[in-house]
Structures are given as C-alpha cells and as structure tokens.
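The structure under discussion appears below in the form of structure tokens.
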C-alpha cells in the first residue's frame, strides 16, 4: 500500500520540487509504545515515516522568501512558537536541502557508474572484463560513492525529523484584515435581532431545565463524572429537532450528509492543526496499552478531513460541501470556567459543515461567506439575538487564515456566548493531509478547506431556553422546531417522575430489607 501511494504522489511531488525518500520503516523497526514514549512526539510525521502517507508538504519556500512576514505572524498569534524560533527552523531546512542535493548528486553518479558497468559487461565476457582498467575504476568509484552515502542517510533522517518537529508547529498565514490581539479585540461585524425583554428576573438554563424536568446534571459524578448531563423528554426532542432542522436545511442546499468515526488517529488531528499529545490537551486519548494512537474527536471536522486524506476530488465536483452530525468529546481542562450547566461539557452533539474548494483565496473565501450566511440564517429562523465577530489573531489557532464566531445572547447568563465558528484554513490542512483535487488536465493540486459549526446543540439550547422563558416557568418553542416537538410550549410535569433515593440526604427513604430504625 505504501509503495502504491508513493507511485501515485511521486509525479506531483517531483513537479513541486519536494523529495520524499519513500522508505517505509514499519517493517524495519518495531512500533514504539505510547506508554513508554516520554518525548514530545509528532504523530503526523511518524505516520508518514511509517509509510501510511507522504511527508507533509511544508511551504518553506514562502517562509524563507519573506521571513519577516512569518515572524510577524508568530508574534501576532502568540502561539507555541515565537519569532525567535524561526531562524533555527529556516537553518535546518536549508541544511536539509543542501544535504539532499548532495545525496541526489551522489545517487545520480552511482546510477551512471552502474549503467557504465552494465555496458562493459554486455560487450565483454566476464573473465576479460575483470581485467579491464576502466571496469576496475568504475567498481572502485561505485564503492567510494556507497561509502560516502552511508553516513548521509541517517543524517538526512535526523535533520528531517528535526525540521518537521518544529515546522509543523508553524501557523497558517493571516488575513490582512484580521484584528490584532486576544479575544477582547474581536470586531463586531453584524448584529441580528434584539435582546428579549422580561417583566421578571430571567433564570438560567439549568434552573429552567430542572424545573421543566428536561435537563439533569445533579448527582451524576458517580454515574458519568463531572460536566456530564442528561436531556429528557422535551429536552431530548429539542436536541433531535435542532439536528434534524439543521440537517434538512443543509441537505436541501446541496450538502452531502455524512457520518464519521468518533475514534481517529493522532496524525489526522495534527493534520487539522490540533495537538492530541499536548499537555494539557482537550482531546481524550484511548488507553494506549490496548489501542495505540486512537483519540476521541472533539469535532466532526477531524473525521471529515480524514475522509479526504490522501485523496483527490474531481474538479467538476468543486466546491464539495459536507455536513455531519456527531457526538463531540472535549476534556475542558480549565475546570474553573462554567463548572455547571451546558456551556462547557465533556460531550455534546454538534452539526458541522466542511468544504473543499479549488486553489486560491477567492474560492475558499466565497465558501466561508456562504457558510457564515447559513449560520446566520439558521440562528435567525430560531429567533435568537446574536452578533457576528471577526476573530483576532490570538484566536485563530494554527490552521485558520480567517475566522468568524457568532455569539448568541443568553439572558440567564447576562452575556453573549459563542454558539458557532467558521474558519477558512486555505491549504494549511490539505498540505498536511494531502487533500487534493485533479484539474481538467489531470494535474494534482492542493485544495483549500473551510469548516463551520452549523449547530452546537447545548449552547443553542441555552440561548433558546433562556430567551424564550416565560414568567410561569414554561418555555415557548420557536416555530421552526414545533414540528419536531409537536407543541408550541414546554411546560413542567404535573408530578415528580424521578425521585432521588441515594445516600447523603437528610430524610433518606427506607429501602427494601432495611429496618425503620436503621
């Protein structure tokens, strides 16, 4: 499989001037144990070195052509790498390029020597050719070349690993109109609707949900841990309604519905610009003693990107639009933020849009605008008040060239809360994962990728419950969701359907087999 993949990509790589040695090491070295590996690993690089994919295509030519621009991007994003790290990366790349040129020259000479030897053998008998001074000189030169090449290959591997360990942490380029700074510098580009007015003090979504018996978050630490929740009755129907409403709208607009794996290899995460082996990380890792290098996805974006990994899209199908509803898993390591409620939870349902376009900013920017318009349309039909933000440099992460967030008003919280995000990743992800398209002339080129939240269910639920609450405790259902709930209002049950009978309560009910005095 590795050999066939190398044959597939080699014409493209050769045209781009990138050389991959194509050595599959999976049969030469045993797999290293995740349990014993202590150094910081680059799973995407290892994935390629083991022969599963080609080495990520680093656009180091652009970095070296304008190092000041690359350093400026590092400074503005305030990420893991700083401008002071850039010279070492450039130096390593230049050293590796020179070494590979030396190897190429020696290998070409070795092939020429071998060809000359074959010609002599074809024209003379074996006994006679052994005495030929030209033959002896060629054999001596061949041995000398092999001796020169022997130490160069491990040097190449060492430099290559050193380069990828650092260069894969370089961020994407940044849109010139992106605000500079942290999230406080986000630019409001649009406001939709008005804040709902109440004749009473609005309640938070958790209080509303508990009184309506549609959300349960209490007494779950021994069941599913902190930051977990149940949705019941109308709460569950709201979730299903939001998913079906969103999917129906997007499928009618030409999106292809997808389901994706929840468990994915670390290389796919890193190809998307995420770091599953960081410490701390928001990504859940499966026990490596049983399943090496599997992680729970925090967004369907990873699975959708993995679907296109090492594949080319037909030119006539561009732009490709995909939509997927999935369960997302996030560690939410900063437990000091939003410890209760549905705003920050370990698992939730989300509908995600993902697009693949041809090259050039014009096409991917148009698709980003389209995704953003769909987000606005969905939230408007749900009757929410929200604002669209152009996110600043420190909020872009590694992959985003430009990013827009939408924050919905949440009256119970008394502030806006993020409900969607949309990012143009240009060719950042496709260069790492080899997401490509085939032109009408049969040429392979890197595609652009765009991703956007269509509906993050728990946060939209917060906005809906808090914005549509009534004085009597009921909640009005938006017209767009009424067909899925079969009602226009959610009301409290007439009795208590489930009563806690466990320990740690003042008046514990008597269980079977217990005496009244116990």
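Every residue gets a Cβ built from N, Cα and C, even glycine.
The annotation transit peptide is assigned in Swiss-Prot to 1-34.
In this structure, residue 110 (N6-acetyllysine) is part of a helix by DSSP. Sequence-distant contacts (6 or more apart, same chain, Cβ under 8 Å) of residue 110 (N6-acetyllysine) comprise 142, 145, 146, 149. Annotated N6-acetyllysine per Swiss-Prot: 110, in sequence order.
According to DSSP, residue 195 (N6-succinyllysine) sits in a coil region rather than a helix or strand. Residues or ranges marked as N6-succinyllysine in Swiss-Prot (evidence: a large-scale study or a structure entry): 195 (among others).
The Cβ of residue 299 (L-serine binding site) has 23 other Cβ atoms within 10 Å, all protein chains considered. Annotation source Swiss-Prot lists L-serine binding site at 299, 300, 301, 352, 453.
Look at residue 421 (ATP binding site): DSSP puts it in a strand. Proximity of residue 421 (ATP binding site) to non-local residues of its own chain (separation of 6 or more, Cβ distance below 8 Å) is seen for 391, 403, 404, 405, 406, 452, 453, given in sequence order. Among the features that Swiss-Prot reports, ATP binding site is placed at 330, 331, 332, 345, 418, 419, 420, 421, with the record citing similarity to another entry.
Annotation source Swiss-Prot lists N6-succinyllysine at 337 (among others). Its own atom aside, the Cβ of residue 337 (N6-succinyllysine) has 9 Cβ atoms within 10 angstroms in the protein chains shown.
Sequence annotations record features per position, and here Swiss-Prot assigns region 'Disordered' to 497-518.
The CA atom of residue 418 (ATP binding site) is located 14 Å away from the CA atom of residue 337 (N6-succinyllysine).
Residues 299, 300, 301, 352, 453 are the ones the record ties to L-serine, and the longest Cα gap between any two of them is 10 Å. A distance of 14 Å separates the Cα atom of residue 330 (ATP binding site) from that of residue 337 (N6-succinyllysine).
Listed in sequence order, the residues of the same chain lying 6 or more apart from residue 420 (ATP binding site) and placing their CB within less than 8 Å of its CB are 375, 379, 405, 406, 452, 453, 454, 455, 456. Spatially, by CA atoms, the recorded positions 195, 299, 300, 301, 352 include one closest to residue 332 (ATP binding site), and that is 299.
Within the set of recorded positions (195, 330, 345, 418), the lowest number of other Cβ atoms found within 10 Å of a Cβ is recorded at 195.
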